[in-house]
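Notes to accompany the following structure.
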Amino acid sequence: MVRAALVTATSLALTGAVVAHAYFLKHQFYPTVVYLTKSSPSMAVLYIQAFVLVFLLGKLMRKVFFGQLRAAEMEHLIERSWYAVTETCLAFTVFRDDFSPRFVALFTLLLFLKCFHWLAEDRVDFMERSPNISWVFHFRVLSLMVLLGVMDFLFVNHACHSIITRGASVQLVFGFEYAILMTMVLTTFIKYTLHTIDLQSENPWDNKAVYMLYTELFTGFIKVLLYMAFMTIMIKVHTFPLFAIRPMYLAMRQFKKAVTDAIMSRRAIRNMNTLYPDATPEDLQATDNVCIICREEMVTGAKKLPCNHIFHSSCLRSWFQRQQTCPTCRMDVLRASQPNQTPAPPAAQAPAPPAPANAPIPPPVNVAPGMIPQFPPGLFPFWGPFPGAPPPAVPGAPAAPTDTPQPSSDGAQGAESGAGGLAQSTAEAASAAPGAMPGFPFTMPPPFPSAPWLPMPPPPPFMSSMPPPPSSLSSMSEAELRELEQEGRRGLEARLQCLHNIHTLLDAAMLNIHHYLSTVATLSPPRSETNTGETSESANVESSPSTANTETAGQEIQSQSGESINGAAGFSQPDSTTEGEKDVKEEDEDDGEPSAAELRRRRLRKLETTNTPDHGNLLKLASVN
């Protein structure tokens, strides 16, 4: 108050000094006025004095029409005034060619009237929350609305007349602004009428919320049409009205909210009338029978929501006009009222016949003989994908040609066949080793080659070390056991840490098992059924007591080389092969796979052929001795 008085006194003193100085220089009225209008410092002082006078006039009108402003009304007024001043400055930039004292005066008057429109709207909304409304309040509100409506109509009429006579100018902006203010006055007057009717009735008016909702819907639609027409005309005749973007957006958002509220409220009220049951006297006695909306006791006409909260039907109807939630627990009544469609239970299937006691276990699908089946997917959900074992070699596939010359002697042939088998197994192991583990961007080196003299295959490459096992419960102290058993965060963390250690141990163990199985499958490729049968027969023949240890080793190497030779396509027999073996080979090629008798006869012939040079050497050694 003191600051406003000081500013008023200062501006008044400056204005008096400027006018006295101009009159002292010119000594006449007209030259003094011309001097004041041409001097920039004098015009600045006069502008300040004009703003002070407008401020004083506003305080006077506020005292007459509103009395003492409430804190919420003052806060809303200051908040909206800042936006209005910003939009006015943007309008100055758009109409900078029309900038003049008259232009500034018109915008100041527009801002002045906007402030009183906002105050009137807030004061009428206060009627719904005020229990006592005096006749002074009605007189002030009615007189203010009449004054604002008349002034808005006069300024709209003046703007239309100016546009028709002088063409499109800045009056286009003022005309649309005052038209929007007229819609605001209309909305305020309708709300005032509805609140007055509600206050005159003894019981609450149930349909007031419906009328207010449709009033906002109607006036919001008019505002949207006015802003769209204003934007279209301004873009065509002048430029893009940047200052009208924010109010236009607010008008559209308000209209959209009104449409949504109208639709959702009708749906909620329909659900209340059709789906929600009436509260029985037992329900009212079991709970508090005071409606929290109107704070009155519920005797009849109460509805029970899906959340078991009870309210007056009229209170719920007015509540659902604004929001579709329970007043107590804020549950969405529209979502809760949707019927829950439970799926029909499946038809009972006939029980499957019990399996026999000695039923054979079906073999796994797509697993070669001699291979260990892979783990089913999803057994260990925290694992990544691991490379599988290589597929077994197909018997009868063409072998890679070698440049090593074929020796003529039988001993050299046996040695070469043994070396070739070793090289071939090494190459297969190197090629079948996984190139890279999942999750590593670099390529892993191949595992160590298998050696016949090693009793066990080498360990798998890059095998992860086992984590330390968790401490035994018997070795834990009493404090640690109490920490595991206690309630709260520390106990929960201790139990989770113990479970995490067990989980880590299981993952590490299964990872090492998988590495071991992959390495074993890589180093020991499976054999076909024919080779398995031949190996068993050769083992029976070699187990005879008349064969020495050295002969047994030579027979194994020779049998392996003979099997690899017979299984390879396009291989020619050496010169030491007998005519009987050629006939047997031709019969096998004509008839397909040989029978068991043919295999036995072939093995015996090979043994005789292999043992003959050894007996000759023994006779030569005996004759020399």
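Backbone N, Cα and C atoms are what each Cβ position is placed from, and that goes for glycine too.
Annotation note: His312 (Zn(2+) 1 binding site) sits in a strand segment as assigned by DSSP. Taken from Swiss-Prot, the feature Zn(2+) 1 binding site applies to Cys291, Cys294, His312, Cys315, supported by similarity to another entry.
Under the DSSP three-state reduction, Cys326 (Zn(2+) 2 binding site) is assigned to coil, being neither helix nor strand. Residues or ranges marked as Zn(2+) 2 binding site in Swiss-Prot (evidence: similarity to another entry): Cys307, His309, Cys326, Cys329.
For 342-361 (among others), the entry in Swiss-Prot reads compositional bias 'Pro residues'.
Per Swiss-Prot, the feature compositional bias 'Low complexity' maps to 423-434.
Look at Swiss-Prot and you will find 462-471 (among others) tagged as compositional bias 'Pro residues'.
Annotation comment: Swiss-Prot describes 523-564 as compositional bias 'Polar residues'.
Taken from Swiss-Prot, the feature region 'Interaction with p53/TP53' applies to 236-270, supported by similarity to another entry. Long-range contacts of the region 'Interaction with p53/TP53' (236-270) within the same chain: residues 83, 87-88, 90-91, 93-94, 168, 172-173, 180, 213-214, 216-217, 220-221, 223-224, 227-228, 230, 317, 320-322, 324, 333-334, each at least 6 residues beyond the stretch ends and with a Cβ under 8 Å from a Cβ of the stretch.
Annotation source Swiss-Prot lists region 'Disordered' at 337-361 (among others).
The region 'Disordered' annotation in Swiss-Prot covers 390-434 (among others).
The region 'Disordered' feature in Swiss-Prot is assigned to 462-487 (among others).
According to Swiss-Prot, the feature region 'Disordered' maps to 523-625 (among others).
Look at Swiss-Prot and you will find 1-4 (among others) tagged as topological domain 'Cytoplasmic', backed by a curator's inference.
Look at Swiss-Prot and you will find 26-40 (among others) tagged as topological domain 'Lumenal', backed by a curator's inference. Within the model, the topological domain 'Lumenal' (26-40) shows a mean pLDDT value of 87, rounded to a whole number.
Annotation comment: Swiss-Prot describes 62-98 (among others) as topological domain 'Cytoplasmic'. Counted with DSSP, the topological domain 'Cytoplasmic' (62-98) comes out as 31 helix, 0 strand, 6 coil.
Residues annotated as topological domain 'Lumenal' in Swiss-Prot, with a curator's inference given as evidence: 120-135 (among others). Long-range contacts of the topological domain 'Lumenal' (120-135) within its own chain (CB-CB distance under 8 A, at least 6 residues past either end) are made by residues 66, 70, 72-73, 76, 141, 144-145, 148, 184-185, 187-188, 191-192, 195-196, 198-199.
The topological domain 'Cytoplasmic' annotation in Swiss-Prot covers 157-169 (among others) and is backed by a curator's inference.
Here the Cα atom of Cys326 (Zn(2+) 2 binding site) is found 11 Å from that of Cys315 (Zn(2+) 1 binding site). Neighbour density for Cys291 (Zn(2+) 1 binding site): within 10 A of its CB lie 18 other CB atoms from the protein chains shown. Here Cys329 (Zn(2+) 2 binding site) is positioned 16 angstrom away from His312 (Zn(2+) 1 binding site), judged by their C-alpha atoms. Taking every listed stretch (5-25, 41-61, 136-156, 213-235) in turn, the largest tally of C-beta pairs under 8 A with the transmembrane segment (99-119) is reached by 41-61. The two recorded residues, Cys329 (Zn(2+) 2 binding site) and Cys294 (Zn(2+) 1 binding site), show a Cα separation of 17 Å. Once Cβ contacts within 10 Å are tallied over all protein chains shown, the binding-site residues His309, His312 are led by His312. Listed binding-site residues: Cys294, Cys307, Cys315, Cys326, Cys329; maximum Cβ neighbour count within 10 Å falls on Cys315.
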